[in-house]
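Trainee: Questions regarding the structure given below will be posed in turn.
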Amino acid sequence: MKKTDNQILVIFGASGDLTARKLMPALFNLYVARQLPENFVVLGASRSDLTDEAFRDKVVYNSPYLKEKIEDLKENYIRGFADKLFYEDLGGAYDTDYQGLRTRIETLKKEYKTSGNIIYYLSTPPTLYETIAQRLADAGMSTQNNGWKRLIVEKPFGYSLETARKLNAGLHKFFTEPQIYRIDHYLGKETVQNLLVTRFSNSIFEPLWNRNYIHHVEITNAESVGVEKRGGYYDKSGALRDMFQNHLLQIVSLVVMEPPIGDQPEEIRNEKVKALKSLRIMSDEKTLWDNTIRAQYVASEVKGEKVKGYREEDGVDANSTTETYAAIKFFVDNWRWEGVPFYVRTAKRMPTKVTEVVIHFKTPHHQIFKDSGVNSKDNKLIIRIQPDEGILMKFGVKVPGQGFKVERANLDFYYSSLAQTYVMEAYERLLLDAMQGDATLYARADEVEAAWEFVDPILNYWKNGKDVRMYGYAAGVWGPENADELIDDLGSWRNPGESLAEDPGYCVIC
Ligand SMILES: NC(=O)C1=CN([C@@H]2O[C@H](COP(=O)(O)OP(=O)(O)OC[C@H]3O[C@@H](n4cnc5c(N)ncnc54)[C@H](OP(=O)(O)O)[C@@H]3O)[C@@H](O)[C@H]2O)C=CC1
Ligand SMILES: O=C1O[C@H](COP(=O)(O)O)[C@@H](O)[C@H](O)[C@H]1O
């Protein structure tokens with residue numbers, strides 16, 4: 001097991017939603033699992049006027065996100081966790097000299113013997129990231145001569161290629177790249193990491209993992225919820241920035257990458273960057289027209305309940321052109337993937353919540369069982385990222401009896417069937433990794449920029465292109481019908497079932 005040094009976790013923006021909803025439950029789980037170091041404290045820092053006790057009340061005792069977790073636990077046990085939490089009121093702004101914060105850290109360090117190792121977690125609006133890094137450096141709080149210093153940066157990392165580059169350059173003035181941990185919570189998901197293991201710890205998949213055997217790759221990320229209370233944020237972002245540029249391109253990089261020489265962070269990250277750099281950038285309007293589709297959900301009824309359209313959501317402009325559905329077809333220009341189309345879509349207000357990667361294999365080059373009734377293009381490897389995590393392999397088997405009638409069969413594996421039951425939540429895993437100095441599951445500067453390089457032309461085209469289409473789709477359906485135009489020669493997208501076990505298995509190419 002890796003060693004976790006004693007340390008302080010300072011959270012900027014600690015009065016906000018992310019701290020209560022994700023960070024505290026993750027830290028609490030680590031505490032329960034005895035994964036936190038012996039001498040460890042969390043110092044929340046924001047402008048809100050809170051005391052240590054008020055902060056503990058907010059993020060532990062009265063937190064709706066911890067309610068279920070703490071219900072059955074003894075009070076003194078919960079207090080054991082809460083007592084590790086402190087709060088520092090930054091006064092009116094984040095752009096100050098941090099002398100108060102520095103003094104507080106020094107006091108906590110002495111009292112709790114945390115040895116000067118500090119993680120600064122930036123959980124504020126992104127416009128403050130560089131300012132906070134600068135203020136920390138000005139106050140001498142980024143230097144590593146008396147313990148390491150790390151900076152975790154939340155998404156979104158930039159709004160475009162230009163802003164991502166600026167942010168990287170801005171942070172690099174005050175922290176070195178090895179000190180910076182850019183979070184992408186999809187990389188913290190077990191099943192996303194399992195893509196690497198499935199590919200590179202088996203000898204049965206990798207020989208087929210190329211243009212000779214793979215017909216196309218299809219990735220779906222669907223959410224049944226709408227924009228919820230985040231209309232204001234989402235309307236400035238959209239599906240492409242919110243999900244595709246980061247989470248989905250991270251998944252793509254793991255599907256596309258070459259085998260790393262080992263499992264060290266830089267060995268894996270080098271290959272991911274190469275993969276992202278090999279995505280064919282779409283530069284002319286015709287290509288962008290042919291290969292990208294955007295849409296918005298419109299008002300409708302889902303399971304008997306009225307659902308607002310995107311433009312009616314709180315915080316959303318009534319004439320908004322922000323997409324809640326994005327589908328992109330693209331190619332990968334390298335030896336392994338030449339000519340293999342990738343179809344990737346992400347959307348809100350779909351029939352169900354699901355994320356899956358589907359590897360569609362080619363038809364055998366010579367058809368022996370011509371009247372079999374099943375097209376052998378139906379060989380698929382379905383990697384279900386969430387929920388009902390698992391892997392399903394679809395293949396043809398002979399129907400007992402005369403002749404050679406073929407039927408589809410499934411070989412499946414479900415995570416839930418593993419004997420080891422405890423699967424860490426994404427934030428739990430990522431926080432622990434950062435505490436241990438392991439950046440494998442964090443995005444490197446060049447990785448983020450390579451992803452933006454691919455996405456930028458699409459965003460520009462959607463913003464400034466001539467007659468760009470914006471489709472509507474009723475909440476609760478699988479997006480606009482026109483999305484099938486993208487998948488032209490194949491017929492339509494695969495619509496996954498609610499669970500892997502109930503996979504409908506249909507798709508027009510079958
Ligand atoms: N919430 C989530 O589920 C997710 C959030 N993120 C990212 O994490 C970061 C934090 O998100 P979240 O907690 O939801 O955000 P919040 O809007 O809740 O903001 C966090 C804190 O930042 C401070 N703040 C908010 N607005 C401003 C402002 N205009 N100027 C200065 N300070 C401000 C506030 O603290 P105070 O006023 O006390 O200083 C607030 O409590 C963001 O970058 C977000 O994109 C990423 C993924 C998911
Ligand atoms: O980063 C984000 O992710 C969530 C979806 O995360 P998941 O782990 O539930 O799949 C998404 O709802 C949100 O809009 C986006 O900002």
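Positions of Cβ are set from backbone N, Cα and C atoms, glycine also.
All annotation found in TrEMBL is predicted automatically rather than curated by experts.
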Trainee: Quick one: which of Asp242, Asp317, Asp378 does TrEMBL put in the substrate site with His185, Lys189, Glu223, Lys348, Lys353?
Mentor: Asp242
Trainee: Which residues in the same chain, at least 6 apart in sequence, have a Cβ under 8 Å from the Cβ of Lys353 (substrate binding site)?
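Mentor: When sequence neighbours closer than 6 are ignored, Lys353 (substrate binding site) has Ala222, Glu223, Ser224, Val225, Gln386, Pro387 within Cβ distance under 8 Å.
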Trainee: Under a threshold of 6 Å between Cβ and any atom of ligand 2, which of the binding-site residues Arg47, Lys189, Asp242, Lys348, Lys353 are retained?
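Mentor: So the answer is Asp242.
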Trainee: Under 6 Å from ligand 1 by C-beta, which of these recorded positions make it: His185, His247, Lys348? Sequence order, please.
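Mentor: Cβ < 6 Å from ligand 1: none of the recorded positions.
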Trainee: Using the structure shown, find which entry in Arg47, Lys189 (the binding-site residues) has the sparsest Cβ neighbourhood within 10 Å.
Mentor: Arg47
Trainee: Quick check for you: of the binding-site residues Arg47, His185, Lys189, which have their Cα within 10 Å of the Cα of His247 (active site, proton acceptor)?
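Mentor: Taking Arg47, His185, Lys189 one by one, the ones whose Cα falls within 10 Å of His247 (active site, proton acceptor) are His185.
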